[in-house]
Amino acid sequence: MSIRDWPASERPREKLLDQGAAALSDAELLAIFLRTGVAGKSAVDLARYLLAEFGSLRALLEADLDQFSAHLGLGPAKFAQLQAVLEMGRRHLAERLRRDSALESPQAVRDYLKARLRHEPHELFGCLFLDAKHRVLAFEVLFHGTIDGASVYPRQVVKRALAQNAAAVILTHNHPSGVAEPSQADRQLTQRLKDALALIDVRVLDHFIVGDGEPLSMAEYGWM
């Protein structure tokens, strides 16, 4: 049966317009993105099939072009469309973050860092550079690979803070394993960076670790 033959209240697009996007299942949201199905499958059937093939919506969103295009109903055009949608979401969060003080919008900080780092397959270390009113000046990824005391250089963080004319910074890195618990090395690194940045009167306000779920704030746990 075609989706056109379904009751209006059950059609994904009409359901979204009536109840909002949050009311839709992963399959219904994906069906709206797909727009059409394939022979023998409606858009919703195809969406359910793809979610089963990938294992989760997250895995589908994180797939590279080859992985994505290997599945029924998908190809380079859909991949490009999906990447554009994801990037618009990231830019929306970044713009929202820049409008307000980072300290007055802690959830906006979490949302942005989660969108920026959670899906990265390798460890990244970055900084949110803030002005004297704690408004965001810029976000920069500074280091790639294993994030420990040997791979993150305080002098490079200091150099970028000076270049941005920052008054404060929020540190962040991701744990691709999904476990957002700080290691002893994470705590030692945070202290080294605090000490280095204090020499140029730049405050470290927090260090967020991004894994599955909500990013962990080291400041909230008293680990700063």
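Glycine is treated like the rest: Cβ placed from N, Cα and C.
Listed features, source Swiss-Prot:
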- 102-224: domain 'MPN' (DOMAIN)
- 173-186: motif 'JAMM motif' (MOTIF)
- His173, His175, Asp186: Zn(2+) binding site (BINDING)
Candidates His173, His175: member of the binding-site residues with the richest Cβ shell (10 Å): His173
Packing count at Asp186 (Zn(2+) binding site) (other Cβ atoms within 10 Å of its Cβ): 21
Tally of residues which DSSP labels helix, strand or coil - the domain 'MPN' (102-224): 37 helix, 34 strand, 52 coil
